[in-house]
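Undergrad: Dropping the structure in here first, questions after.
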Amino acid sequence: MALQLPPPWTLVVPILFLDFLVISLPGGVLPIVINEAFGQRSYLLVGYAQTVKGILAFATSPAIGSLSDVIGRKYLFLATIIGTAAPNAALGLGVSLETHLVLVGLSGCLAATFPLAFAYIADNVPPQGRSSAFGMAIGLGLGGAFLVGPPLGALVNEREGSTAVFRACAVITIINIVFLVVVMREPRRPKPPPWHEVLRRANPFAAFGMLHNNRAMRLLSSIVLFFYLALWGFLSNKGVCA
């Protein structure tokens with residue numbers, strides 16, 4: 001019997017897992033390191049970095065998604081993977097915490113990992129199977145990373161110290177980059193839209209028009225807004241109390 005290969009879209013799952021493992025691995029270590037370095041300024045400095053990240057993500061994510069319709073998903077997906085992992089991986093290469101915070105802010109320019117992952121899945125999965133594929137990508141990729149990462153990072157920190165945790169982030173990032181470049185294939189897509197349509201879709205404020213015209217999207221957006229307000233409020237205060 002011939003070995004049956006998994007569907008191409010499943011390659012997204014280990015790539016997302018490794019990318020978010022780099023974020024979750026130092027989850028219990030990084031707040032302590034930042035507090036020791038910056039003291040009472042920690043909350044403000046991290047807050048500024050995350051605010052810049054959010055503004056840049058709002059401004060650039062639609063453009064990245066729209067551009068991927070023209071030049072393809074693979075290498076833009078690679079760029080977002082590097083952008084997500086860069087702040088923690090850079091600490092493993094010996095950069096300062098100040099540089100780390102600058103990279104956190106600038107990483108918003110490439111904060112379109114999930115939109116491109118979902119676009120890649122949509123290119124390879126028929127409409128009736130996309131919801132389960134999206135769920136698997138989030139559950140195994142994101143959820144798996146945050147299930148395994150914090151306890152694994154704590155174990156490495158206890159045995160080898162915090163520097164080893166960040167070096168592990170750098171190694172995982174390199175492995176993920178090589179895996180993506182070698183294994184992922186550019187999917188077949190329809191003829192790309194004309195450039196005037198690409199530029200129209202790249203406008204981040206166009207989403208407000210969708211909210212104005214679609215009641216279901218307004219409701220969903222409100223739920224997501226309050227969810228993330230609560231989530232990031234908790235995560236911000238967790239770092240201060242570390």
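Quick reminder: no glycine exception, Cβ is built from N, Cα and C everywhere.
No curator has checked TrEMBL annotations; they are predicted automatically.
Since this is a predicted model, take the numbers as computed values, not measurements.
Not my notes, these are from TrEMBL:
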- 1-242: domain 'Major facilitator superfamily (MFS) profile' (DOMAIN)
- 12-34: transmembrane segment (TRANSMEM)
- 75-95: transmembrane segment (TRANSMEM)
- 101-121: transmembrane segment (TRANSMEM)
- 133-152: transmembrane segment (TRANSMEM)
- 164-183: transmembrane segment (TRANSMEM)
- 216-235: transmembrane segment (TRANSMEM)
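In terms of burial and nearby residues, how do these features look in this structure?
TA: Same-chain residues lying 6+ beyond the ends of the transmembrane segment (12-34) with a Cβ under 8 Å from its Cβ atoms: 42, 45-46, 77, 81, 84-85, 88-89, 91, 97, 113-114, 117, 120-121, 136-137, 140-142, 144-146, 148-150, 152-154, 156-157, 162, 165-166, 168-169, 172-173, 175-176, 179-180, 184, 238-240, 242.
Packing against the transmembrane segment (75-95) from elsewhere in the chain are residues 15, 19-20, 22-23, 25-26, 30, 64, 67-68, 101, 103-104, 107, 109-113, 116-117, 120, 163, 166-173, 176-177, 180-181, 184: each is 6 or more residues past its ends and has a CB under 8 Å from a CB in it.
Tertiary proximity for the transmembrane segment (133-152) is limited to same-chain residues at least six positions away from its ends with a CB under 8 Å from its CB atoms, namely 9-10, 12-21, 23-25, 27-28, 114, 117-118, 121, 125.
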